[in-house]
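Listed in TrEMBL:
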type     : residues  : note
COMPBIAS : B:710-732 : compositional bias 'Polar residues'
COMPBIAS : B:741-751 : compositional bias 'Polar residues'
COMPBIAS : B:753-762 : compositional bias 'Basic and acidic residues'
DOMAIN   : B:82-466  : domain 'Cation/H+ exchanger transmembrane'
DOMAIN   : B:560-659 : domain 'Sodium/hydrogen exchanger regulatory region'
REGION   : B:676-793 : region 'Disordered'
TRANSMEM : B:6-24    : transmembrane segment
TRANSMEM : B:73-91   : transmembrane segment
TRANSMEM : B:97-121  : transmembrane segment
TRANSMEM : B:133-156 : transmembrane segment
TRANSMEM : B:162-180 : transmembrane segment
TRANSMEM : B:222-241 : transmembrane segment
TRANSMEM : B:262-283 : transmembrane segment
TRANSMEM : B:303-325 : transmembrane segment
TRANSMEM : B:346-369 : transmembrane segment
TRANSMEM : B:375-396 : transmembrane segment
TRANSMEM : B:416-437 : transmembrane segment
TRANSMEM : B:443-466 : transmembrane segment
Amino acid sequence: MGSSSSSRNKIPNAQELMDQTGFSSAHLLRLYDRFECLDRDNRGYLRQDTVDFSSFVRILAHFRPTDRNRNKEGTQQELPNSRTRKLKFAFQLYDLDRDGKISREELLQVLRAMLGLQVTEEQLQSIAERAIQEADLDKDDAISFDEFKKSLEKVDIDTKMSIGFLK
Amino acid sequence: LRSLGVFIRQAGTLLFICMILILLHGSRGEIPSKPIAATILPSVKPDGGVQAYPEDQKNNLPMFTMNYPRIQIPFEITLWVLLASFAKIGFHVYHKITIWVPESCLLISIGLIVGAIMHSVHEEPPAVLTSNVFFLYMLPLIVLDFVAVFMQVLWFAVVGTLWNSIGIGISLFAICQIPAFGVQDINLQENLLFSAIISAVDPVAVLNVFEDVSVNEQLYIVVFGECLFNDAVTVVLYNMFSFVAEMPVVEPVDVFIGVARFFIVGLGGMAFGILFGFVAAFTTRFTSKVREIEPLFVFMYSYLAYLVAELFAISSIMAIITCALTMKYYVEENVSQRSCTTIRHVIKMLASISETLIFFFLGVVTITTDHEWNWGYILFTLLFAFVWRGLGILVLTQIINPFRTIPFNMKDQFGLAYGGLRGAVSFALAFTLPDTIGRKQLFVTATIAVILFTVFLQGISIRPLIEFINVRRTNRNLETINVEIHGRLMEHTIAGIEDLCGQWSRFYWKDKFMKFNNRILRKILIRDSRAESSIVALYKKLELQNAMEILDTASGDISAAPSIVSLYEEKKSSSKPQKKFLAADLKNMHDILSKNMYKIRERTVAYRGKHALPNDNHTREILIRRHVSIRRSLRPGSFQSSYFSLPAGKSLESTFPAARRSYADDHETLSEVAYPSQRSRFGKPARSSSSKAMIPLRRLGTLEEVPSTDVLNEDSSSTEQGVFRTNSSYSDSHVPRPRRLNSSFDNNNGSADDLRNVHEEPSSPPPGWAAEPRDNTARNPLLRRPQWTPKRK
């Protein structure tokens, strides 16, 4: 498409973004359109000036399906859609104070959000207790990132944390 | 409910008339060429001639007469239908059978028995299945039921069926060359024709089995969609080949024309379907005043699509499928909830009947026809059918797997291949083979043999086989708590991010189409078309009609919560125990999690079984949230502002995300709200104060513990019952009942206690809510679209 080169000029650091995230230029273009769509006031930022286009793209890059056929180069770990990075993304959804651990309180918060109001406090506490018991290997009453990873080792993260059309 | 009854009567009458026509048009092979409208009138009288009372003698007026021939035909039809339906009831009474033996097998067996009986009594079975009969009446009923299909499905259906029929045809032709089997007189065209007949996979039989085995949804959808579409392909091929088979000489030009015709037929069918779908959508845009006949429009238009397609000899099945799909998308937004329910109910009923009947007659006819048996041909047919299907699936999945996010593994492919049961379509097609084909009987016999073989053997054995090789099932196994929680979190995240990305697919044209759709089509075809998020639209609709039902509580069991609560107490007492979680506790936890976690918005309509209607989990969740926000809004202080979840003056958009976020923040409030309920439960509810304000509070008080105790209640095993006993009637029939809204307010003052005893039948809605709408319409944007009026039947 003839417009692609000119549109790419609209996007700052397009090449850099493409390298870092693995998106193709067509995808990047589409994301840019979408970003502009969401950004109604044309500020260049979403959500009260915290998310600009490159952050938008970087976050979404986590959700690309993993390329299975890539040979194991050193660069593979850096792509946002590697398994580790996806897990890290999920981990950070819990770990709001960014101390590298999911404390009981943080777990409870997420649980409360996900469960309906029919569940009583006692039940929530028990569930959280059990979750920590299962995952917490070094007995510090919190789940670190490695413990998190270990508890999910059998799960096909790629399926769960991927959006097909971002490939 | 009355309208539902009326409609069923209408539909029943329609079906009834159709059945009469069926029988009247004589023996097999005859093709009535007149259009239906012309034939309805003259044919209402039975063929036996009107038994006018003989005018010969002047007898005394007889007091008691019996005139059997007059009612004979409708009577017999009704009996047949009833008999088949009894058989169906019978299977389900003895539940264990249906686990091992698919329903279609049982129906065929009963049919065989009945046929044997009739044969021994030398009775003729009713000539029910002429070609056009099947095409015109029975087929669309089965097809209209299922409306969730994808592109890949087309791939399997079209290419797969082509592969199968050509493959089988050619190999059978090769076999025919061998003199030992004595079938040298069958030429290539006839072989191709026959193979087209037997390559049609039957949806009914397969889906029964798969659903019982609960395979993973991807597999299910593909199989189901394939069955659906390959009917269309088969019929097209059949028509083509039968035309060709009758021609003495085939020239290359004819082959070309054949291929072109194939495309015309298929695409033409789809075009007609879409056309009728649009017309239907447009019509329903204006039906807000005549809600009762909305279902009629849906049925009539789809049927019309079918018939018109038959008129032009293009693929009627494709027409009706695409019509149904189009209608589902647009019409569903225009019609009322009740009409939707009605439509679903009726379709299920009619589909069930026709399916039952078809298998039943298969059995009967098997016994009563003359068979021509040829060991070689038939055995090889069976072999090739099996082999080619397997090969076909293998090759096709290899080609398509790179395009799928979750590729099919070998086990899935085995399931696909083995699940290729033949059934009704093959049966009907075989019977309508033109008599000019020399070996017609052989073909018929072979078809029946293939059908019986696949349905019985494969049908019965597929279940243990699939369990044995452990095909990826729907994830109902018990994983660790962590996995369950984190997994659900991830799914929520994905759902959110997908929303963020918008409706965007990899396909450029699909994007363009969606834009076109939103901008133009929706404006024309939908009454109040704003592209709303599905949750908000649904929320609004349900809000007005069903808010009452939340507050009509069922009686709650005030039973003590089992072990989990005691666990907690134990924990409070000891400082930091290493908790031992018993297996029972774990199971409790899993149950709680699976029942209560917010479900992800489903993008595909999951098929929950033939005998169940689509589950409205989604809507129930919305009501749950509503319920929560009601409670919050009733905290002392915010009481005076409004009874509804929206604080006065705010718009829907700003409040709606607020509702979501607040769950995380308000955990103190939640516990505070949850606990007082325990106290109020034992307090005296009969305060009988006259202030309006108290009543909703009390009702909600009683409402609160219903869900919480129900959850802990072990008896409520399924989600449907567990959470919302109040909504049991709602979720079953989805029929809103805003009755008697203007009823006297004072009545309900005293009946607050009665609420505890109200079970399935929520009576009058609390007038607290009823009083509001009139005052608050200005303030509350939710009420600006009142689809809810007090005047409802």
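Positions of Cβ are set from backbone N, Cα and C atoms, glycine also.
Predicted automatically and left uncurated, TrEMBL annotations should be read as such.
Using a cut-off of 8 Å between Cβ atoms, the transmembrane segment (B:303-325) and the transmembrane segment (B:346-369) share fewer than three residue pairs, counting only pairs 6 or more apart in sequence. Counting same-chain residues at least six beyond the ends of the transmembrane segment (B:162-180), those with a Cβ under 8 angstroms from any Cβ of the stretch are 186-188, 191-196, 198-199, 233-234, 237, 376-377, 380-381, 384-385, 388-389, 391-392, 395-396. Residues 155-156, 159-160, 163-164, 167-168, 171-172, 175-176, 178, 180-183, 194, 198-199, 413, 416-417, 420, 422, 442, 445-446, 449-450, 453-454 of the same chain sit 6 or more residues outside the transmembrane segment (B:375-396) yet have a Cβ under 8 Å from a Cβ within it. Long-range contacts of the transmembrane segment (B:262-283) within its own chain (CB-CB distance under 8 A, at least 6 residues past either end) are made by residues 158, 232-233, 236-237, 239-240, 297-298, 301-302, 304-305, 308-309, 312-327, 330-331, 334, 524-526.
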